[in-house]
Amino acid sequence: MSPTPLALAAALFVFTLQGAARAQTAPAAEPGATATPTSASPAAPAPRELDAVTIQGARESATTRLPLTARETPQSLSTVDRTQIESQSLTSVDAVLRNVTGVSVSFYDTQRPLYYARGFQITDFQIDGLPSYSGSTSQEFDTALYERIDVVRGANGILTGVGVPSATVNMIRKRPKRQFGGSVALSAGSWNLYRGEVDLNVPLTADGSVRSRFVIAPQKKDSFRDRYKEDKTALLAVVEADLGERTVVSLGYQRQKNDPEAPIWGTIPRFATDGTEIDLPTSTSFSPSWTRWDRTSATLYATLEHQFNDNWSLKTSLARTEGDTFSLRTYGYGRTTALAPYVNRLSGAGTTLYASVGGGDEVQNTLDVYLNGRFNLFGRSHDLVLGASQQRTVARTDGYYIQPGWRYDIPNIYAWNGYAPMPIYYRTGAWRNQTTEQLGLYGSARWRLTDALSVLTGVRVTNWDRQTDNYNVRGFYINTTAVQSVDRKATPFVGVVYDITPELSAYGSYGKIFNPQNYKDRNNEPLAPAQGSNAELGLKGQWMNGRLNGHFAVFETKQDNFGVVDSSVPPSSLPDGSTAYRAVDGTRAYGFEAELGGQITPRWYAKAGLTRAKVVRNASDLIYANLPEYQVQLWTQYRFDGALAPLSLGGSLLWQDEIQGFNIPHPLLGTTTVTQKPQTVLNLHATWQFNDRLSATLAINNVTNRKYWANLDYGNYADPRSAMLTLRAKF
């Protein structure tokens, strides 16, 4: 691997520590200060400090619900706050996760991003600690609605029960404040991007005991891809009220709608018919303008928090999410293969389009109740959480007719204007409902054995059921298939934290998780759930009154009993026409993560992350991942003083090791292995603070306009250079 990114990371780590030593006496900014720096006047701004954004107090843990600070959490935890979100113009969770230590980001196509951590796909997305909508909009969240995003690596078996040992992404919504205020932002950028954000906080009573917050973010954009464009709108409305001194109730509504036109589905050709790499333009698309992939999700939620006394509290959360999706898509195939499109280098011919249509909706109801408190035992104070959660999801898939035999041969991909006749399609009236129910009882505790030593224990017991009910075109019930059940499955967690010094702690943890599989073996018996685990040891430090935080961890994640195709029997040989699978062990990832960041001086923020994740898979596990072994993520921002006091400059550098794609279709070899060399992406941003209320931010991504593949298996290009200018007013 190239030494340059590692050298950059090491240099920043060392320089940051030196800065910490020199700045130990620097005054801390007030907690809760706004994220955007302000100045006295546009003409002669007074020297001032950047506002601190580090939250030093205890938070509700995303994996145990215990009130833990980052240093008290025995797992790797990273946070991206409003300062970084606004400075870098990170308008989507996809953009945020690219800047999180240990997270690898790619995508199948324009609407299906992929996130990996510690060798496994991230599937656990939470909003305020509750599981988010699980349908096809689950990973396209707009950041305008959130105050911060926390990412905890490892297994989260206590709160989710079902999942993989990768990471938990917890998005914390904006909440109403007691004082009137807000912000308005207008953005314009590359490929006709236009975006607005309105964030309004309105107290409904004079003392703010009843308060509200409203956020809306509409966006329109075209793309570097031919014909692709997308309109989306994200909205949040919430009212919060104090019912006396000890009770807070809130009611909110959240909605996001994405309407893309001509979305990419599948792959862009990598090889020409002669077997050489064809290197098509990044604008290449096989999608006519009539293709769609519309998605909408809306959540109505309520919370009730009651403080019984100084030690005990109860929190109840309810959420109902309704989502729907419709897609009419085309996929390009080679005329001589059903695996991939191959283009004649000279004529541009060789690609045939096939079409697919689908749609459905999903309703998810979630209830979570937990008691959180502190008790004394053997002369020491300990923390305890006892809770229960229930989740019921009904996913409806509608049956569609599409014109049989529809295909379109692209005459010349170099000159194609996107024309293809639209196939005839309609809903048949048939549908199927997949119902998934999960009930869990969980508990966790922090035992303070000494002043320096704490032990965390927890366990969840889960009942999980799933079945599919099928209905014909007349709406009559036909049968029930794919019945699965997991009863009283326990997923434990244990962690240890030891304070070596007031600034440095050592920790270790181990957690388990399980994941049901919708496969059957050669004897037509369902496969047992896959079993996941995560073990890690690490160090965490906090310096400069909490403004600088760092951690280092070594880890090993495993997944056993994972289903793979059973090649000993013919495909589609089971009674229902499905393919037999068998369970294999041995998929694991091991390595280390290091992160250091915070407010190094009154004017300088920096964050550096370095990850190594070596993935070892069973020979039969042909999962497509394209994961780099090494990653570096750097971010910095500096606020000038003197004549340049209104100016802040910053940037990020994202580097990843080489990646490989296996079993990639090839016109001459059948399949082949392809390798992409290490990639470095540089992003820059600058903010000019006109006064204490008005600022302008320019963000430029992929400054060097590097052309590379975002995914090797599905052959899609990453975004080329782009820019966005944002004017933001706060009041």
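Any Cβ shown, glycine's included, is placed from N, Cα and C.
Listed features, source TrEMBL:
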type: SIGNAL; residues: 1-23; note: signal peptide
type: REGION; residues: 26-47; note: region 'Disordered'
type: DOMAIN; residues: 70-165; note: domain 'TonB-dependent receptor plug'
type: DOMAIN; residues: 261-703; note: domain 'TonB-dependent receptor-like beta-barrel'
type: MOTIF; residues: 714-731; note: motif 'TonB C-terminal box'
Could you give me the DSSP helix, strand and coil counts for the domain 'TonB-dependent receptor plug' (70-165)?
14 helix, 37 strand, 45 coil
Express the predicted model's confidence over the domain 'TonB-dependent receptor plug' (70-165) as a mean pLDDT, rounded to an integer.
89
DSSP-wise, what's the residue breakdown of the motif 'TonB C-terminal box' (714-731) into helix, strand and coil?
0 helix, 11 strand, 7 coil
